[in-house]
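Report on the following structure.
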Amino acid sequence: MTATKGLEGIVAATSSVSSIIDDTLTYVGYNIDDLAENATFEEVIYLLWHKKLPNKAQLEELTQQLADNAEVPAEVLNHFKSYPIDKVHPMGALRTAISLLALYDEEADVMSDEANYRKAIRIQAKIPTVVTAFSRVRKGLDPVAPRSDLSFAANFLYMLSGEEPSAIAEEAFNKALVLHADHELNASTFTARVCVATLSDIYSGITSAIGALKGPLHGGANEQVMKMLTEIGSVENVEPYINAKLANKEKIMGFGHRVYRKGDPRAPHLKVMSQKLTELTGQPEYYEMSVKIHELVTGQKNLPPNVDFYSASVYHSLDIEHDLFTPIFAVSRTSGWIAHILEQYANNRLIRPRAEYNGPGMQKYVPVDER
Ligand SMILES: CC(=O)SCCNC(=O)CCNC(=O)[C@H](O)C(C)(C)COP(=O)(O)OP(=O)(O)OC[C@H]1O[C@@H](n2cnc3c(N)ncnc32)[C@H](O)[C@@H]1OP(=O)(O)O
Ligand SMILES: O=C([O-])CC(=O)C(=O)O
C-alpha cells in the first residue's frame, strides 16, 4: 500500500454537481462564466440541489421557502453573548452556531429525503442571519431581522449594515455568491461527504465542512489576502514585500491551486469586480496592489491567482469586515455542501480509505515502572 500525499489526483467520488475539466468549471453542465454573468444565487441553489435550473414557479417557491426560514431561534443569537465575542473568530462562532441550530431542529436526526430537504432549506436560509447577527452583536448592535422582499444577496448586505445595498453592491455580492457556490471535491466538501457517509445528519456535515473551510490553505485564504494587502499598504511596497516572501519560501495567499494549472476561471470575474468597486469607493490602490502582486507571483512562480485573491478587495470595497470574508464563503458554499450531502445520501457508501503505516515494527509491551 502506497499513500498519495494529499490524495492528489485520486478520484474519490462520482458527482453530477460540478466539474473541473481542462480548467473549465461547470455547475451541472453550465459554465461558470455563463452563470456569473446571468444567474441569481437563488437559481444556483436550485440548480445544485435539483440538477436543473428552476422555472419561474419553482424559483418563487424556493425564494419563499428561504424567506420563511430565515429567522434564527433567539437562543442561538443569545448564545453569542455567552462567550467573549470580541475575541472569537466568526468562523469559530459560525461552526458552533450551526451545530447549535441542530439542537433547535426537531428533525435534526430524521433521515428521510423530505426531512433532509427541509433541513437543507433551513440551514441555507439561516446561515446569512447567523453571520450578520454575529457581526452586529459583537459591535453592541441588535441583529437586523431578515426581509422577505429582498434577494438573498441584498438581504445579506441589509442584515449586515441595516441599510438596503445599492444595485451595484447587490449585483457584485450576488456574483461573488454564485462564483463560490460549489467546486467539485474541494477539502470542505470532501469533509462534508466523509461525515455524512457515516449516515450522520446534515448539521454535522455542514459543521464539519465549516471547520475545514476555515483553514488558510482553503477558504481562510481570502482573509489572509486582505491581511497582506493591509500590510503592504501601497503599490510601491508590493515588490519588496513579495520578493522578500518568495525569497523566504513563504506562500503568497490567494495563489496556487491543487487542480487548476492555467488558472482559476473564477478569478477573472472577481478581478473585473475588484477594479470596478475599488474605483467606485475611491480606493483604487487595493486593485492596483492586487494587480502588481498578481504580475509578480505569476511572473516569478508561474502561479495564477485563485478565487480567494481578488475576492478580498471585492469584499473590502463592499465595506465588509475582513474576518467575515471566510464566513461569507461558507454562506455561499453551504449550497454546494448540501448538494453533495444529498448526493452522498442518495448513493451512500462509508468513506474509509487506508493508511500506509510508517511507524515502528512489532514491539513488546513493557510495564510502566520498567520503562
Ligand atoms: C478556495 C480555495 O481553497 S483556493 C486555495 C486557497 N489557498 C491559498 O490561496 C493558500 C496558498 N496556496 C497554497 O497553499 C497552495 O497553492 C494550495 C494549498 C492551494 C494547493 O496546494 P498543493 O496542491 O498541495 O501545492 P503545494 O503546496 O504542494 O505547492 C506546490 C509548489 O508550489 C509552491 N506554491 C504553491 N502555492 C504557493 C503560493 N501560494 N505561494 C508560493 N508558492 C506556492 C509550493 O511552495 C510548492 O513549491 P515546491 O515544489 O518548491 O515545494
Ligand atoms: O477546489 C479546491 O481545492 C479549493 C477551491 O478552489 C474551492 O473550494 O473553491
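Heads up, the Cβ atoms here are built off N, Cα and C, so glycines get one too.
Keep in mind that TrEMBL annotations are predicted by a computer and have not been checked by a curator.
Marked as active site by TrEMBL: His257, Asp308.
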* **Rounded distance in angstrom between the Cα atoms of His257 (active site) and Asp308 (active site)** => 11
* To do: Look up His257 (active site) in the DSSP assignment and report helix, strand or coil.
  => coil
